[in-house]
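Data first, discussion second: the structure below is written as structure tokens.
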Amino acid sequence: MAFLHDMRFRAFFYQVVAIGAVILVGWTMFSTASGNLAKQNIATGFDFLSRPAGFVITEAAIAFEATDTVGRAILVGIANTVKVSLLAAILGTLIGLAVGIARMSRNPLLARLALVYVELLRNVPLLLYLFLWYSLIILILPPVRQALNLLPGVYLSNSGLVVPAALVESGGGALLACLLGGAAAAFVIRRVFTQKRVATGRSNHGALIATAAFVLPALVLWLAGGVSIDWEFPTAGKFRLTGGLHVRPEFVALLFGLALSVSANVAEIVRAGIQAVSKGQWEAAAALGLARAKTMRLVVLPQALRIIIPPLTNTYLTVFKNSSLAIAIGYPDLVMVSNTVMNQTGQAIETIAIFMGVYLALSIAISLLMNWYNAHVALKER
Amino acid sequence: MADVQTLALAPPQPAPTAPRLGRLSAYFGTPGNTLISVLSIAAVVFIAKLAFGWLVVDAVFSGNGETCKAASGACWPFVAQKLRYMLFGFYPYDEQWRPMLALLLLFAAFLFSMMPRFWSRGLLLGWILLVLPVLYILMAGGVFGLTPVATTSWGGLPLSFMLSFVGLTLAMPLGIVLALARASNLPAIRVLAVGFIEIVRGVPLISILFMATVMLPLFMPEGVTIDKLLRAQVAIILFASAYIAEIVRGGLQDVPAGQYEAGSSLGLHYWQVMRKIVLPQALKKVIPPMVGLFIGFFQDTTLVTIVGLVDFLDTVRSAIRDPQWQGIAVLEGYLVAAAVYFTFSALMGAYSRFLEKHFRTTHA
């Protein structure tokens, strides 16, 4: 039995056993499931995606009617998930950056306040906060019949915020072209001016000119009457407001909750990143006569970014996955729409497979994007 | 680096004036600092006044829903009357000493495990073979003259603690095995481990819980049903094991290759090298990040309320929705829940900082 002690045989044997076990479990589950489904008269396969959905989605990032297909309903769910996570990530990063810098303030009061903020957010479950924000919106704001009329056309009530909607009637394409062209021009101008400044050592107004290049074409087009925008004002009916752009409380509560949780994490990551930059950098900048704020912006933050990016990637992945808590307060994200689909069609396996696949694919996409950015800011060794 | 070059040519800044106020200069040294201090103090005073007014001055300390409705402050009778329900849910009233005892036992076991001098291989075994069975017997009953209590009546804080900490304890061995599999040089084993870990980490916990509650029954042979609580617990264990595996992998990578080689050259085979040499070093290194994971999971177990289990957040929410108190004590309820979660999370956070210091000073 010498072959039992042969390392190569053992390695081969273990692997065959592992793969065999996985296949066996998978096959057993598959056959039981298909048997069960056949007994319950549930058809398998993805045909249900092209059937009419038959339910309405209260808030859709892309247009949706009850007569549209189930597949489109799931697409709406994906769009809603992406919308809320993207906004929460941006908002949370901005707040977190401010809080993280405040944490490092030389003023002990401000530093302590920032610490309290971070600890309060990190030590209480996100779901609890979501419930809390949602209940507060419902409790504090008046019902829709007594909606607060903040500005002409702006109503705030416990069914959300309603503002006039801007409907672009014509010239939308031209406006988009102006904005894109402006952005490209601004990018080039900024690069050229930065190179010139490096070469000559004299400061110039690159940032200002670049901003102008971005804003001016669109502004000129608008002033010249190239775009006509139709403002749709909401009208207060007896029971509800019709027309206008409706921001629902579920969305606000979710966005707020996610953004705050991101901000606490970002604050800690930024603080750790800044602290990791050696003290000599601060001293060298001070010796060159740089003020503290400028040192932070021009010397410390660019170096801290290298340490910050990997944990920041994790935070973004987390907020994307946490947006699935939407179902708890009724925002129609991917999970909630899938849940509705599951209840209506009974296609639990397919639906769960779809939404897990979507989460997986988008998670991988976020990782790749952030890895690319990380490689971009990483220390370039000569 | 471009900006630095430019600024090197900038005229020198005037030297800052020497602080004259001594210790106060940190608060009022410069006009900007003074403004920040004044604003901070104003914010603190404003919030403190608001909180004190709501919690004490305008609060109701005795009475019922009607008295609370009339007052503008906090409603403490709600908390007093509902506290026991929030803590234990629908567990039979006369038997509630059992979950209480289980909770205390869990805390005691934790305090014991938190002291570095008791860390040993026996500790994890002690948890799995001694603490968990005793907890289960206390909760479920059926032996030693304890009335049986079905898992459907379990709820409240003991359920939250069980799902998170029992889940993590049981996920630990699985996570370690997964980490070893991922570091293995057998390609098929490695691919299976990487696949499992990355899939689990790429999807939200709620989707795994949905799988366990909605999808799993379809995979069971007819007539076989698995308890809902157990299904959620298994989902949490699987989910946690993937995260533990990634943390342990970090620890394994920190052990120098020489340790493996030295072990092998002594004639130890793979499992002996791992058990006696590598894992003891690797696991010790990953204890601080593991505590961080524990805090996260303690909070994440609140998600089980979405699939219909009665955890602490759920009992608090149904207490809030009690017809007697509906719409009166929303903030009070969430505040109690937040205070409980905050206390335990902050304690664990403090413990994690203690550990970091401990490791720094002992060079362990």
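Quick reminder: no glycine exception, Cβ is built from N, Cα and C everywhere.
Annotated features in TrEMBL:
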TRANSMEM  B:35-57  transmembrane segment
TRANSMEM  B:96-112  transmembrane segment
TRANSMEM  B:124-147  transmembrane segment
DOMAIN    B:157-346  domain 'ABC transmembrane type-1'
TRANSMEM  B:159-181  transmembrane segment
TRANSMEM  B:202-220  transmembrane segment
TRANSMEM  B:232-252  transmembrane segment
TRANSMEM  B:291-313  transmembrane segment
TRANSMEM  B:333-351  transmembrane segment
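Long-range contacts of the transmembrane segment (B:96-112) within the same chain: residues 84, 87-88, 118, 127, 131, 134-135, 138-139, 141, 146, 149, 154, 156-158, 161-162, 165, each at least 6 residues beyond the stretch ends and with a Cβ under 8 Å from a Cβ of the stretch.
Against the transmembrane segment (B:124-147), the recorded stretches B:159-181, B:232-252, B:291-313 differ in Cβ pairs under 8 Å, and the greatest number is found for B:159-181. Contact between the transmembrane segment (B:159-181) and the transmembrane segment (B:291-313) is supported by 3 or more Cβ pairs under 8 Å, counting only residues 6 or more apart in sequence. Sequence-distant neighbours of the transmembrane segment (B:35-57) (same chain, 6+ residues past either end, Cβ-Cβ under 8 Å): 27-28, 72-74.
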